[in-house]
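Participant: TrEMBL feature annotations, pasted as is:
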{"type": "DOMAIN", "residues": "2-146", "note": "domain 'ABC-2 type transporter transmembrane'"}
{"type": "TRANSMEM", "residues": "21-40", "note": "transmembrane segment"}
{"type": "TRANSMEM", "residues": "46-71", "note": "transmembrane segment"}
{"type": "TRANSMEM", "residues": "100-122", "note": "transmembrane segment"}
{"type": "TRANSMEM", "residues": "128-147", "note": "transmembrane segment"}
């Protein structure tokens, strides 16, 4: 019941906020576009392979730096959370579950947008299976960065 109330009243309003959408999804689209412009159409010679490895490294490291968005938002929510927790509105585990359930659709959407822009423009294999692997790896990486 606590989780349902948190999702309904706090989660729904958070997801509808334009700042939530812009920091969670649009920022990754812009970053993927920027990286795509730098690494567009890499070939299979030595320099192109090094550049492809570099873009894979950037794709792994980037969510760790972007996790600062979550940290800053938690700082803003700390005062409200402390007051509501002390008033016994909900338990800590329920609050964490609420945050994860609100953030996960945005994480999946951000990974889909990031991979959709970056994968095809850089010149990785035109295979749906490898794109699926890259997408799954990005979802796991983005989720890990969000939860840490």
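Cβ coordinates are placed from backbone N, Cα and C, and glycine is handled just like the others.
The structure displayed is predicted, hence computed values, not measured ones.
Provide an account of the burial state, proximal residues and distances for the features listed.
Facilitator: Long-range contacts of the transmembrane segment (21-40) within the same chain, counting only residues at least 6 positions beyond its ends with a Cβ under 8 Å from a Cβ of the stretch, are 15, 51-52, 54-55, 58-59, 62, 66, 69, 103, 106-107, 109-111, 113-118, 121-123.
Tertiary proximity for the transmembrane segment (46-71) is limited to same-chain residues at least six positions away from its ends with a CB under 8 Å from its CB atoms, namely 23-24, 27-28, 31, 35, 39, 103, 114, 118, 122-124, 138, 141-142, 144-146, 148.
Same-chain residues lying 6+ beyond the ends of the transmembrane segment (100-122) with a Cβ under 8 Å from its Cβ atoms: 3, 7, 10-11, 14-15, 20-21, 24-25, 28-29, 31-33, 35-36, 39-42, 52, 55, 59, 70, 131, 134-135, 138-139, 142-143, 146-147.
Beyond the transmembrane segment (128-147), the same-chain residues lying 6 or more positions past its ends with a Cβ under 8 Å from any Cβ of the stretch are 59-60, 63-64, 66-67, 70, 100, 103-104, 107-108, 110-112, 114-115, 119.
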Participant: Under DSSP, the domain 'ABC-2 type transporter transmembrane' (2-146) has how many residues in helix, strand and coil?
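Facilitator: With helix first, then strand, then coil, the domain 'ABC-2 type transporter transmembrane' (2-146) has 126 helix, 0 strand, 19 coil.
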